[in-house]
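S.K.: I have a structure I would like to understand better, so I am pasting it below and will then ask my questions one at a time.
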Amino acid sequence: MAQVTLRKVVKAYEGGVQAVKGIDLDIADHEFVVLVGPSGCGKSTTLRMIAGLEEISDGEIAIGGKVINDVPPRDRDIAMVFQNYALYPHMTVFDNMAFGLMLRKFPKEEIKRRVDNAARILDITPLLERKPKALSGGQRQRVAMGRAIVRDPKVFLFDEPLSNLDAKLRVQMRTEIKKVHQTVRTTTVYVTHDQVEAMTLADRVVVMNGGIIEQVGSPQELYHNPKTRFVAGFIGSPAMNFIPGRLENGAGALRVHLPNDIVLPVPAERTARYQNLAGREILFGIRPEHLTEAKNLDRPHFAPMTATPEVTEPMGMETLVHFKMAGAEICGRVDPLAPAAPGQPLPMAVDMSNMHILDPQSGRVL
Amino acid sequence: MSSTTATPFVPAEIKHGSLKRERRWALIGAYIALAVFVLFFMIPPFHMLMTSLKSSAEIADLSGNPWIVSAPTLQNYWELLTEGNYLIHFRNSVIVTTCTVVISMIISVMAAFALARMKFWGSATLATGVFLTYLVPETLLFIPMFQIIGSLGLYNNMWAMVLIFPTLTVPFCTWIMIGYFASIPKELDEAALIDGAGHLQMLWKIFIPVALPGILAAMIFAFTVSWAAFIYPIAFLVSSDQMVLTVGIVSDLIRADTFQWGKIMAGALMAALPPLLVYAFLMDYYIAGLTAGATKG
């Protein structure tokens with residue numbers, strides 16, 4: 001059993017700066033949890049507190065039900081993969097992977113068996129006698145993972161392990177990491193600032209910002225039901241569009257009234273939810289993929305509008321169009337065959353069933 | 001055949017300042033500078049070698065050329081190695097230097113590891129303080145040092161040198177090692193911590209092997225300082241059997257105003273041999289960058 005529990009965990013530095021401001025988190029056995037957020041949000045600090053590399057200022061961290069606040073890193077039964085690999089430069093790949101086991105006085109045969117096994121999983125058997133400097137970035141990262149796997153620890157900790165790799169290798173290693181997790185099933189805490197990595201790898205994503213947890217949920221949940229403006233804007237690429245406006249009753253139905261007299265009808269099934277907000281200032285949120293060319297206008301919740309793209313970005317499978325709407329910079333996603341060109345008015349549709357209404361003051365999704 | 005083939009080939013004029021030309025001049029300049037440098041620094045050893053191969057009569061003969069040996073002899077070397085205390089001085093130098101290097105390395109590696117890696121209150125100030133002690137010249141220290149050595153009963157005892165030389169070497173060696181240890185990525189010790197290493201294991205199995213070039217640099221420094229030290233030995237050692245080479249040569253081979261130039265030169269040349277060997281063999285290791293591949297890059 002290797003669940004990880006964080007209770008009101010605080011990391012404060014001298015001078016009163018709090019990097020982590022009392023977070024609670026429960027990570028289940030075998031779960032793959034990704035901590036994601038912008039630089040300085042406290043995600044790495046949280047991971048390092050779990051590892052024992054940073055002291056916990058307040059609160060409690062438990063691994064497998066045992067509080068480990070005062071347990072040194074080596075006795076926490078964890079393994080960590082670092083952003084810059086942190087391989088021992090004077091040791092061969094084999095020795096790098098075996099080092100932890102040797103320090104723990106494992107018998108030679110057992111060490112060899114484990115290293116060979118991990119090398120097979122990671123496909124690095126031919127590299128075992130090489131030194132780190134003779135390896136490519138991707139190979140070094142595999143060795144770093146191998147060093148974690150051979151230990152068969154309770155928890156894997158990954159600290160931005162793919163940040164130093166080029167884009168193509170990153171995608172490849174992402175798949176590798178997922179594959180390894182599906183094989184060894186070790187509880188994993190993974191830190192990244194890349195929301196794509198977070199979405200693709202995680203069973204559950206923990207979005208952090210300013211030392212607190214904004215939201216915890218499955219990738220789908222965060223994408224479709226963000227709870228705060230930060231999560232709504234952070235998850236998804238390109239980011240969600242936000243336009244300030246007002247909810248109002250008109251023509252017998254609830255409508256979103258945006259500047260420049262743009263009026264969008266609220267779908268009937270959501271009227272009840274927003275009825276009591278009528279007359280209030282709101283923030284209207286809509287993802288680029290829900291602002292598309294006008295092809296589904298026959299569906300009830302698609303509202304028509306016209307956009308004049310300022311910039312178009314053909315991506316191959318889709319084209320991103322950037323335009324101004326109600327005074328805001330907006331991004332939409334259209335079919336690559338749609339007649340999108342800068343300066344040419346383009347009929348578009350807003351999928352109102354996927355809209356989000358936020359409180360402009362608190363930033364909460366209503 | 002077209003008329004163009006008949007035209008004689010005219011090489012394109014090399015433009016002034018072309019890359020090839022500039023490179024050639026840079027190389028010529030570099031070689032001239034190096035030649036002057038080598039010549040300048042080889043003159044004294046050459047003069048020593050020539051003098052050491054001369055007999056006393058030839059040295060005393062003012063009509064001869066000081067740069068040329070007319071009747072080369074190994075007499076000076078032979079006498080040094082068979083008579084007198086030269087070999088004892090050599091042995092003393094080896095013992096004192098070996099002990100100094102070992103003691104300096106043990107102290108400075110451990111001190112540097114603590115100062116560079118185990119952050120504690122005042123560690124930065126202490127690190128600067130260590131270096132500042134190196135700046136106090138030994139000419140200022142040998143009088144108080146004389147009292148300490150005297151009170152310890154170590155006056156005229158070569159083991160006093162083993163006690164004193166580390167005061168010259170440890171600060172600078174520690175300083176070199178702090179720099180080296182600081183250049184080792186922090187993640188390396190964190191990885192070792194998680195792998196289960198204690199501080200001593202981390203030092204022994206990770207830091208020392210990775211910082212080997214730095215350790216060799218510090219060792220070369222400690223060796224040189226200890227082998228060439230002069231002020232302390234001449235102040236604290238009086239009897240010939242306790243002397244190290246630097247003092248032994250000048251004490252035994254200069255009697256009042258009688259300078260045995262041939263032997264002095266032979267002795268000094270042989271005394272310069274160990275540093276020469278140390279530099280020749282350790283330089284390669286010293287230059288090799290072992291940290292390559294530790295992290296990205």
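Cβ coordinates come from backbone N, Cα and C, glycine included.
TrEMBL lists these features:
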DOMAIN    B:90-282  domain 'ABC transmembrane type-1'
TRANSMEM  B:25-43  transmembrane segment
TRANSMEM  B:94-116  transmembrane segment
TRANSMEM  B:123-146  transmembrane segment
TRANSMEM  B:158-182  transmembrane segment
TRANSMEM  B:203-224  transmembrane segment
TRANSMEM  B:230-254  transmembrane segment
TRANSMEM  B:266-288  transmembrane segment
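Mind running through what each feature is packed against?
M.R.: If one looks beyond the transmembrane segment (B:158-182) by at least 6 residues along the same chain, the residues whose Cβ comes under 8 Å of a Cβ in the stretch are 92, 95-96, 99-101, 103-105, 107-109, 111-113, 115-117, 127, 130-131, 133-134, 138, 141, 145, 149, 152, 207, 211, 213-215, 217-218, 221-222, 225-226, 229, 232-233, 236-237, 242-244.
Distant neighbours of the transmembrane segment (B:230-254): 84-86, 88-90, 92-93, 96, 138-139, 142, 145-146, 149, 154-158, 160-161, 164-165, 260, 263-264, 267-268, 271; these residues of the same chain sit at least 6 beyond its ends, with a Cβ under 8 Å from one of its Cβ atoms.
Proximity of distant same-chain residues to the transmembrane segment (B:266-288), defined by a Cβ-Cβ separation under 8 Å and at least 6 residues beyond the stretch ends, is recorded for 45, 48-49, 52, 76-77, 80, 86, 90, 93-94, 212-213, 216-217, 219-220, 223-224, 227-228, 245-246, 249, 253.
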S.K.: With a Cβ cut-off under 8 Å, give me the same-chain residues at least six positions beyond the ends of the transmembrane segment (B:94-116) that come close to it.
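M.R.: For the transmembrane segment (B:94-116), the list is 123, 126-127, 130, 158, 161-162, 165-166, 169-170, 173-178, 180-182, 199, 203, 207-208, 215, 218-219, 222-223, 225-227, 244, 274.
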